[in-house]
Amino acid sequence: MKKTLYITRSGVLKRKENTLFFVDEDGKRKFIPVEDTNDIFIFSEIDLNTKLLDFLSQKSICVHFFNYYGYYTGTYYPREHLNAGHVILKQSEAYLDKKLRLDLARRFISGSINQMKQVLRYYANRRKENNELLLGIIEELNSSLLKLNNAETVEELMAFEGHARENYYRGFDEIIRNDDFQFGKRSKRPPLNRLNALISFGNSLCYTMILSEIYKTYLDPRIGFLHSTNFRRFSLNLDVAEIFKPIMVDRLIFQLINKRMITQKDFEKEHGGGILLNDKGRRTFLEQMESRMRTTVNHRHLGKNVSYRRLIRLELYKIQKHLLGEKPYEPYASLW
Amino acid sequence: MRDDVYPVTGTHIWYYFICKRELWLMMHSIAPDQEDENIDIGRFLHDYYSKRGKEEVDIGSGKIDRIKKVGNELVVQEIKKTSRFKESSYFQLLFYLEQLKQMGIKAKGELLFTEEKTKEQVELTDENREKLLEAVKDIQTYAKLPVPPSPKKIKFCNRCAYRDYCWAGED
Ligand code: SF4
C-alpha cells in the first residue's frame, strides 16, 4: 500500500529528479520515493514551487494543507486523473433529482446514526454496569432512525442528524470519565476545550483522507448529496465522513485519552481563546490515526483482510454502484 | 463488419469472452483500480513481450502483436502468456483477420502461448466468422445497456483489477 506523507516540520519540499526531496529547518535532508506516496499532509510552513506541483500532478498526488493551528486550509487536487463521463452524469442526475438525492442523503444519515450506536454499544458492553446512560442514548438514536422516513427534505434530515449527534455526544463524558477531557458543548471555530479540539482535528483529517480516496475514483468530490453542492467546495467527502467519523475519529480519541497517550500537556491556548493540540500532541494523533488506518479488518464480502483506508475506497465503490443503478447503497456497518 | 454503432476493438472481443461486466465497464471508460498489483504485472508482460518481438502493428481499431511475411503469405501473430483464455485469444485473432480481410488483405493467424510453448494456426472460415460477427453485434448491445451486468464469480475475478469494485458490498 502506498503511504501518506505527513510533514510536521517546517522546511522546503522540492522535486529532485524522480523523487521528492525534503530539507527541514535544521538542514536535515530526506528523499521520499514518489511512487510510494499516496498523498501528502502538510502541517507546517513549507516552501514549494510550481515545478513540484507539476510533478505531483503528473504522479496524481493530492496535497492537503493545514495551518499553524492545525486547521484545514485547503487541498491541491490535481486535475482529476480518472474521468468517466457516464459516472459524472449519473452523479449529477442523482443530485438534481429531488427524490434520488433525498434517498441517498437518508442512506448516509442512517449509516451515520448506526455507527454512533455501534460506538456506544461497544462501550456499554464493556462496562456491563452503570451503562444505563449509554443504553438510554442508544434507545433515543433508535427512535431518531425511525423518524428519518418522515423527512421530506434534505434540510429536515440534517436536523434529525444534528439532534441524534447531540444525543450521541452526551455519552462522551461517560465513556471517557476524565475531568481533563470534559465534553461540555460542541464548539468548533475555535474549539473551546480539549475534547472539542481533538474532535475538530480528527474530523478534518477524516474529511481530507476521504477526499484523497475520492480522487482515486470517478466520483466528483464537489457533488455531495447531504452537504449541498456549491461547486466551489468539496462536499461528497463530508457525506462519506458521516459513516466513518464514529469509528475513525471518535473511537481513536477515546483510545488516546483512556490509554493516556494524549494528556492535558499536549494542548495549548490560541490567542483567540481556542484550545488546540500542540505540536507534540498533533504528532501523536497523526501517528495513531495512521496506524489505525492501516489496521486491517476481515471483510466478509471480499473474503480477505482490508485496511480501514481501503474500506473507505470500497464505500466509494458502493456509492458509485448506487449511482450507476447497479445496487442500492447500504452504508458500512462495523460489527464491533 | 459494420461497426458504426459502437467501435468494437480486439480488446472488447477479448473481454466479451471472459466477462461481460468487465466489457461493459471498459466500454463506459470506467478503468479498473490503478493500484491493483495485477495491472502492473500486465503492463510488465506487455512491455516485455512487445520489446522482444517487433513493435505492435496498429490496424485502425486494434493492435496486433506481430505481423510477419512467410513466403507470399501474411501471418498475424497473437502472443499470450497462457492458454487459459483460449476462446478469447482465438476470437480476438479472428477479429483481426476479419479486419484485414475487409481491407482486402488475406492473412492467416498464429496463436502463441509462451508458457506452454505451443503454437496454433487460426483461419477464418464461414463458421467461425459467423460466430465472430454475432459476438460483435452482441457487444454493441452491451454498449447500450444502461446498467452494467451484475458481477458473477468466475475464476478470472481473483486476478481481475475490477475485483474490489465488483465485490464491494456484495453478499
Ligand atoms: S471481478 Fe469478476 S465479475 Fe468483476 S469484472 Fe472482473 S471478472 Fe468480471
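Backbone N, Cα and C define each Cβ position, glycine as well.
Just so it is clear, the model here is predicted, and its values are computed rather than measured.
According to TrEMBL, the Mn(2+) binding site annotation covers A:Glu161, A:His227, A:Glu242.
Cβ atoms within 8 Å of the centroid of the Cβ atoms of A:Glu161, A:His227, A:Glu242 (the Mn(2+) site) belong to the same-chain residues A:Ala105, A:Phe108, A:Ile109, A:Ser112, A:Met158, A:Leu226, A:Leu238, A:Asp239, A:Ala241, site residues excluded. Residue environment of A:Glu161 (Mn(2+) binding site) contains 22 other Cβ atoms, counted within 10 Å of its Cβ in all protein chains. Considering other CB atoms within 10 Å as the measure, the emptiest surroundings among the binding-site residues A:His227, A:Glu242 are those of A:His227. A helical conformation is recorded for A:Glu242 (Mn(2+) binding site) in the three-state DSSP classification. When secondary structure is read from DSSP and collapsed to three states, A:His227 (Mn(2+) binding site) falls in the coil class. Reduced to three states, the DSSP call for A:Glu161 (Mn(2+) binding site) is helix.
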